[in-house]
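The following features are taken from Swiss-Prot:
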ACT_SITE  Cys100  active site, nucleophile
BINDING   Gly9, Met10, Ser11, Gly12, Gly13, Val14, Asp15, Ser16, Met35, Gly124  ATP binding site
DISULFID  Cys100-Cys196  disulfide bond
SITE      His125  site 'Interaction with tRNA'
SITE      Gln346  site 'Interaction with tRNA'
Amino acid sequence: MSKRRVVVGMSGGVDSSVTAWLLKEQGYDVVGLFMKNWEDDDDGEYCSTRQDWIDVVSVADLIGIDVEAVNFAAEYKDRVFAEFLREYSAGRTPNPDVLCNAEIKFKAFLDHAMSLDAEMIATGHYARVRERDGRFELLKAFDHTKDQSYFLHRLNQAQLSKTMFPLGEMPKTKVREIAAQIGLPNAKKKDSTGICFIGERPFRDFLNRYLPTKPGPMKTPDGKRVGEHIGLAFYTFGQRKGIGLGGSKDGSGEPWFVAAKDIPSNTLYVVQGHDHPWLLSHELVAGNVSWVAGEPPADGFACGAKTRYRQADAACRFGAAAAGPAGEARFTLAFDDAQWAVTPGQSAVLYDGEICLGGGIIEHAASGRDAAAAAPAAALVEAR
């Protein structure tokens with residue numbers, strides 16, 4: 001009887017390497033697939049693609065599996081990077097890793113794996129898949145400190161039915177331990193951080209290559225001008241560092257935070273104090289929705305939600321919202337407690353305990369700024 005073939009997405013990191021080894025040990029016919037999703041700067045100081053491929057080949061040789069590389073750079077630019085630039089141009093703060101998982105790692109990659117006669121795919125993500133009553137559920141990882149279900153919330157039933165997450169049941173410390181025990185050449189390689197196509201380079205420098213700077217006024221909620229920004233795209237809601245107002249002589253002495261963007265007037269609004277009303281929200285509206293089960297929760301459903309990665313689940317109630325301009329579905333979340341710096345463009349992801357239900361892209365978060373005359377909510381960036 002032939003072995004079941006599993007194609008493993010291998011990045012050169014320790015997680016995907018241990019994933020491949022575990023599946024090989026379990027008797028699967030394992031094939032490694034290295035995805036190249038970015039073409040520019042292959043020889044630049046911030047690009048690790050070449051070394052990552054060397055690490056993948058070394059690991060494959062050690063554990064005895066075949067490996068190949070596939071170039072998804074064109075698909076990535078069309079499906080992920082173009083949207084990334086559109087969102088930043090509109091003043092929002094997108095999360096490209098969420099879209100990359102849905103469009104590249106679990107779509108383009110999955111399709112390619114099936115062309116290699118694979119039955120399943122596997123990655124080194126920290127999450128779990130469970131089949132129950134004929135449906136597939138996306139669950140948080142056993143190690144909640146490494147859980148990545150937030151980034152995977154847009155996966156659908158077809159994708160989950162073909163996906164394995166072998167690391168979902170173990171802590172990261174165990175993964176490192178296995179890597180050392182079997183002598184993986186990348187056992188001590190540090191975890192990747194930041195957006196995949198930016199790597200370790202300064203984010204503002206990277207963004208400046210693709211989006212023009214457009215300086216404008218920086219004002220307080222009462223309309224007082226306190227400085228000048230370099231372009232709304234280069235700031236995000238709740239940002240503290242890099243504003244350039246550290247010791248403003250007219251301030252209260254508390255740190256400054258980005259609180260809103262007014263696109264028509266090209267104005268950046270800033271406030272002082274971590275708990276300023278403009279930074280706190282009890283409700284949000286999200287669009288571009290995606291549900292793991294294929295349908296939304298019931299109206300009024302009590303659940304938990306994350307509005308950023310590694311945030312603790314915040315108690316809230318789900319509600320249906322008026323459809324968007326093109327008739328697209330939207331939803332609201334009403335939080336029990338005020339949430340800090342809920343950022344348009346980021347994902348609001350819903351949970352029922354350990355089960356990830358899905359979510360959507362935050363369009364607007366109601367806060368103290370909505371009642372302020374200096375920056376009417378209708379003109380703020382989150383209004384689409």
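Each residue, glycine too, has its Cβ placed from N, Cα and C.
On the structure: features taken from Swiss-Prot.
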{"residue": "Gly9", "record": "ATP binding site", "Cβ within 10 Å": "23"}
{"residue": "Ser11", "record": "ATP binding site", "Cβ within 10 Å": "21"}
{"residue": "Gly13", "record": "ATP binding site", "Cβ within 10 Å": "20"}
{"residue": "Asp15", "record": "ATP binding site", "Cβ within 10 Å": "23"}
{"residue": "Met35", "record": "ATP binding site", "Cβ within 10 Å": "23"}
{"residue": "Cys100", "record": "active site, nucleophile", "Cβ within 10 Å": "25"}
{"residue": "His125", "record": "site 'Interaction with tRNA'", "Cβ within 10 Å": "26"}
{"residue": "Gln346", "record": "site 'Interaction with tRNA'", "Cβ within 10 Å": "25"}
Measuring Cα to Cα, tell me the gap between Met35 (ATP binding site) and His125 (site 'Interaction with tRNA') in whole angstrom. 15
Cα within 10 Å of Asp15 (ATP binding site) is the criterion; apply it to the recorded positions Cys100, His125, Gln346 and give the hits in sequence order. His125
In DSSP terms, helix, strand or coil for Asp15 (ATP binding site)? helix
Helix, strand or coil: which one is Met35 (ATP binding site) in, per DSSP? strand
List the Cα distance (Å, whole number) between Gly9 (ATP binding site) and Cys100 (active site, nucleophile). 13
Max CA to CA distance in Å over the ATP-binding set Gly9, Met10, Ser11, Gly12, Gly13, Val14, Asp15, Ser16, Met35, Gly124? 16
I'm trying to understand the geometry here, so how far is the Cα atom of Gly13 (ATP binding site) from the Cα atom of His125 (site 'Interaction with tRNA'), in Å to the nearest whole number? 11
